[in-house]
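Trainee: There's a structure below that I have some questions on.
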């Protein structure tokens, strides 16, 4: 499955980005606006929610449990320094989607006994869309981490993130991950809608 993460672009507004990837067939949007105020993020979310509903797409908000709760979107994505997932679950209830960020097998295994729905594991490679980058994992790292967590009994869905392009999908999916999150490669493509469709076509080979 593809998760599209919004990112400021000189070419498109965030709402335009979302419209393009939805038209390309993406069914999972993460609204990420790291430097925006609550009101700015809320205004953008209110533009995106109808688009997601029209396209039967999941919408999660990055690092904002309060806004997720207020707007009743599907869920939230929590970074390592955000609200603890156990507290987010208490505030959002049993039906919300809660995703967490991880960089190691230990990070993922630490989620045992905590009600989270997926892990964003990365970064795959260096990426300019995120400051304060964790150590780059690389293909061998994904292979090792996926082997370690599955051997330890963790069945948490894992989504790879960080500098991923269309050409990376086959080798990444072969490590045992469940999906990818992408941002820059899609936004910066000559035709983001067409690029999104190609990504989904590649991912669908592993369903």
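Just so you know, glycine gets a Cβ as well, placed from its N, Cα and C.
Predicted automatically and left uncurated, TrEMBL annotations should be read as such.
According to TrEMBL, the protein has these features:
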DOMAIN    3-186  domain 'Thiamine phosphate synthase/TenI'
BINDING   30, 31, 32, 33, 34, 62, 101, 130  4-amino-2-methyl-5-(diphosphooxymethyl)pyrimidine binding site
BINDING   63, 82  Mg(2+) binding site
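Have a look at these and tell me how they're positioned relative to everything else.
Mentor: With a cut-off of 8 Å between CB atoms and residues at least 6 apart in sequence, the same chain places 77, 78, 79, 80, 107, 119, 120, 122 near residue 101 (4-amino-2-methyl-5-(diphosphooxymethyl)pyrimidine binding site), listed in sequence order.
Cβ-based neighbour count (10 Å, all protein chains) for residue 63 (Mg(2+) binding site) stands at 18. Under the DSSP three-state reduction, residue 63 (Mg(2+) binding site) is assigned to coil, being neither helix nor strand.
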Trainee: Fewest other C-beta atoms within 10 angstroms of its own C-beta: which of the binding-site residues 62, 82 fits that?
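Mentor: Ranked by other Cβ atoms within 10 Å, the binding-site residues 62, 82 bottom out at 82.
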Trainee: Could you state the CA-to-CA distance between residue 62 (4-amino-2-methyl-5-(diphosphooxymethyl)pyrimidine binding site) and residue 82 (Mg(2+) binding site) to the nearest Å?
Mentor: 9
Trainee: Cβ-Cβ under 8 Å from residue 30 (4-amino-2-methyl-5-(diphosphooxymethyl)pyrimidine binding site), same chain, 6 or more residues apart: which ones?
Mentor: 3, 4, 5, 6, 59, 60, 61, 62, 77, 181
Trainee: Look up residue 82 (Mg(2+) binding site) in the DSSP assignment and reduce it to helix, strand or coil.
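Mentor: Where residue 82 (Mg(2+) binding site) sits, the three-state DSSP reduction gives coil.
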